[in-house]
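*Asks:* Before we start, here is the structure in question, set down as structure tokens.
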Amino acid sequence: MQNYIMAIDQGTTSTRAILFDQQSNIIGIAQKELENYYPHPGWVEQNANDIWASTVGVMFEVLAKTGIKDTQIAAIGITNQRETTVVWDKESGQPIYFAIVWQSRQSDSYCEAFKAQGLEEMIKEKTGLLLDPYFSASKIRFILDHVAGAQERAERGELLFGTMDTWLLWKLSQGAKHMSDVSNASRTMLMNLKTLDYDEELLKLWNIPRCMLPEIHDTSEVYSYTSGLFDHPIPIAALVGDQQAALFGQTCFDAGNVKNTYGTGCFLLMNTKEKIIHSQHGLLTCVGWRIKGQTAYVLEGSVFVAGAAIQWLRDGLAIISSSSESESRAKQVNDCDGVYVVPSFTGLGAPYWKPQVKGGILGLTRGTKQEHIIRATIESLAYQTSDVVFAMQEDSGLAIKKMQVDGGASRNDFLLQFQSDILNTQVIRSTISETTALGAAYLAGLAVGVWKHQDDIRKQFQVASIFEPMMEEENRIAHLNGWKRAIHAIMEF
Ligand code: G3P
């Protein structure tokens, strides 16, 4: 019986293969860490061949670990770090440059030049994105400009571009399919949100030949079959950006449903269904997924430093020895004693978008203890999230009554209770923490009939804990006002 779905979660720090059964249970996980290269300050690159090798490695490892045969896998779903860009030679299959990671700032000057020409509004209107090197377009431009002869080769149709979904599909199908899905394509800055096709004006502006771009498809469909890896070809039936996959894995299928992933950063997404909402408050608009031609759009707020702030307590300040220790230490004091930590180590993302801002600790007194700083750091994850939530409510006109959460720091009960208090909103943690991989598995399973309808999937969502707001309104407002003062002080520093 082909009862299992394999999700490949190709993330920034590692590649994982996770096997799920039809009841959404995790049967096995294999993981391989990836190396990041930092050739210059602010540049982040990865070796796309290593990413491919790690993918093959974890696929075989998870099968070996669980004893499940390739013939028992109904489909593979791929979810991936978004925006990360690779360009390769169609004939040899060799990348012509390292993959430029989403965090990398090396193509910033192109964005600055377009900003100076007043093009930001037009680009935002068409793509829902802010003119920032975060997205793929300027990264492709960088590669075409910095590898000798690349522009001409691309124009002759000899080079292909892909984000990691496209790269892995091309490799898994032995070069047969060069495709992406709408969720990934919506982060390239080349796709028009309305037509869901590449935009001629943008292609011209970036001088990127259409022939190097992957075909844009639905998020859930059989794109191809594995070729040459297993005796039995397995359908590859979902490609989806990781944050959108988590939204799907959380079964946030209705308009106004919100999920927040507390990872290295925080990615908060709201499903707005068929509505394209252009943010007036520094949020991004992109595609969640398209299934059988039906598109769900999302509003997204990205916070650059969240879990990474807890790591800084451990590795930078060395005042905790493990991330999990932060919770018990924070509880040793009754409050932060007026201390606020603003962990904007790499600038402020949504809703402020101030790339130059540095972080800070405010409100120190002679009585400040390590525990106050630890507690204030955890609270900063909740405050940053609430800034994005408030912006989302303004943009969407929808009141957010509950928020579903996942990611490493969502294991921290203290954080989730404080989040609920400060937002005055229910915070819901699901039993499955691997919602990103689960989302990809669901999307692949839907395409091959493992699940017939989204409603069958919705029924499988299981709540692990619900956090209800308990803070008095006056106290809540006072906390939020303190945070506002801290953020504004940091922005002026
Ligand atoms: O947009 C970047 C995001 O997709 C990266 O996610 O989980 O690989 O850090 P992650």
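Quick reminder: no glycine exception, Cβ is built from N, Cα and C everywhere.
What you are looking at is a predicted structure, and each value in this text was computed from that prediction instead of being measured.
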*Asks:* Which candidate from Y4, Y37, Y134, Y297 does TrEMBL annotate alongside R82, E83, D242, Q243 at the glycerol binding site?
*Replies:* Y134
*Asks:* Per TrEMBL, which one of T12, T365, T368 shares the sn-glycerol 3-phosphate site with R82, E83, Y134, D242?
*Replies:* T12
*Asks:* Given the binding-site residues S14, E83, Y134, Q243, Q311, find the one whose Cα is closest in space to the Cα of T264 (ADP binding site).
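*Replies:* For T264 (ADP binding site), the spatially nearest of the binding-site residues is Q311.
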*Asks:* Of the residues named as ATP binders, T12, T13, S14, T264, G307, Q311, G408, how far apart in Å are the Cα atoms of the most distant pair?
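*Replies:* Greatest Cα-Cα span of the listed binding residues: 17 Å.
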*Asks:* Around the C-beta of T13 (ATP binding site), how many further C-beta atoms are within 10 angstroms, looking at every protein chain?
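*Replies:* The answer is 12 other Cβ atoms.
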*Asks:* Can you list which of these binding-site residues (T12, S14, R82, Y134, D242) have a Cβ closer than 6 Å to ligand 1?
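*Replies:* The binding-site residues passing the 6 Å Cβ test are T12, R82, D242.
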*Asks:* For S14 (ATP binding site), what is the secondary structure state per DSSP, taken as helix, strand or coil?
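*Replies:* For S14 (ATP binding site) - judged by DSSP and reduced to three states - the answer is strand.
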*Asks:* Given the ATP site residues T12, T13, S14, T264, G307, Q311, G408, which other residues of that chain have a Cβ within 8 Å of the mean position of their Cβ atoms, reported in sequence order?
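*Replies:* Neighbours within 8 Å of the Cβ centroid, excluding T12, T13, S14, T264, G307, Q311, G408: G11, G263, A308.
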*Asks:* Can you name the binding-site residues among R82, Y134, Q243, Q311 whose CA is within 10 A of the CA of T12 (ADP binding site)?
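*Replies:* Near T12 (ADP binding site), where near means Cα within 10 Å, the binding-site residues are R82.
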*Asks:* Write out, in the order they occur in the sequence, the residues of the chain not among R82, E83, Y134, D242, Q243 that have a C-beta within 8 Å of the mean position of the C-beta atoms of the recorded glycerol site.
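*Replies:* What remains near the Cβ centre is Q81, T84, W102, R187, G241, F267.
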